[in-house]
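Student: According to TrEMBL, the domain 'EamA' annotation covers 1-124. Residues or ranges marked as transmembrane segment in TrEMBL: 20-38, 50-72, 84-101, 108-125, 131-147, 159-179, 191-210, 217-238, 250-267.
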Amino acid sequence: MWGLFPAFFPLLEPAGALEILAHRMIWTLLLMAVVVAVSRRLRDLVAMGLRNWGLLIGASLLIALNWGVYIYAVNSGHVLDAALGYYINPLVTVLLGVVLFREPLSRWQLLALVLAFTAVAVLTISVGRLPVITLILAASFAGYGAIKKTITVDPRVSLTAEGIVAAPFAGAYLVFVGVSGQQHFLGYTHGHTALMVLSGVVTALPLLLFGAAAQRIPLVTLGLLQYVTPTLQMLWGVLVKHEAMPPERWVGFVLIWAALVIFTARYRAQCADLAASVGPTGYGFAHRHGVGQGEGLSVAAHDPRGGGRGGHVVRLCFVRRAAGRRSQHCGRCYR
């Protein structure tokens with residue numbers, strides 16, 4: 001579904017990117033509020049501490065920036081820039097892991113990052129400016145992911161809370177465009193109004209499906225699936241939108257693909273190491289409770305039952321302790 005977003009958001013024109021973003025936030029919040037109520041998580045929403053609310057303010061700002069820039073990109077002929085941003089997102093996540101969580105950087109990971117930076121340099125030189133859209137999308141989503149790893153609440157609750165944070169600003173903007181006669185929600189066409197409302201479903205549904213899949217499919221498979229979205233977006237940009245692909249841009253993409261091959265190889269090796277180190281019990285624990293980031297031997301753990309493990313970023317020692325084995329190189333557990 002994420003890979004088809006470049007086909008959906010142009011349907012919301014002539015509304016501008018900010019108006020589309022505001023509606024996307026409002027309708028996503030309303031849908032998630034229903035999901036939280038049906039799943040009986042409203043109490044969790046009320047009980048969130050100040051620390052979680054503070055983190056969610058930052059997460060809300062980053063995801064709003066990401067959504068807004070993405071909508072602008074796909075509606076203004078920059079689908080390939082958006083696709084490249086999501087290709088390099090895992091590599092930016094690795095960099096954040098090193099900087100924020102002090103995770104060790106292997107030689108292969110370093111090589112992948114060097115290739116990614118080289119790709120950005122090639123693209124910058126070829127067009128005479130930084131690929132701003134690409135960098136903003138990659139950095140904002142990686143930062144959003146880093147914050148979400150430290151939040152100790154159910155993902156459905158945290159997404160609803162992010163919507164609560166953003167709703168006053170989104171609502172104020174919609175009032176402004178309505179008063180100034182610039183709104184495109186009412187009085188345009190009924191189909192257009194329905195599509196605006198549908199933007200909330202289109203946003204929330206893949207997130208909910210991803211959360212369910214994360215608890216059911218192997219970590220390696222989940223890691224590889226993250227490349228389906230930018231690949232579909234790239235194909236849409238080249239084959240449908242006919243965006244230009246000069247040789248320099250091909251060089252940039254090839255360098256990123258080479259970096260991702262290295263990244264994925266390390267990801268698979270570390271998942272295999274995790275399984276060998278902790279055995280079926282510990283690996284099953286990691287599989288059931290989260291999405292392994294692969295790099296840095298960390299796991300974003302989520303307990304769907306609302307237990308105390310939800311949202312932690314933990315070292316491999318945590319999974320080994322779950323199997324009754326303490327790591328020989330135990331590091332801090334990050335909360």
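Glycine residues also receive a Cβ, built from the backbone N, Cα and C atoms like all the rest.
Any TrEMBL annotation is an automated prediction that lacks curation.
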Student: Does the transmembrane segment (84-101) come near the transmembrane segment (131-147), with 3+ Cβ pairs under 8 Å (pairs 6 or more apart)?
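Tutor: Yes, the stretches contact each other.
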Student: Can you tell me how the residues of the domain 'EamA' (1-124) break down into helix, strand and coil by DSSP?
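Tutor: Looking at the domain 'EamA' (1-124) with DSSP, the answer is 106 helix, 0 strand, 18 coil.
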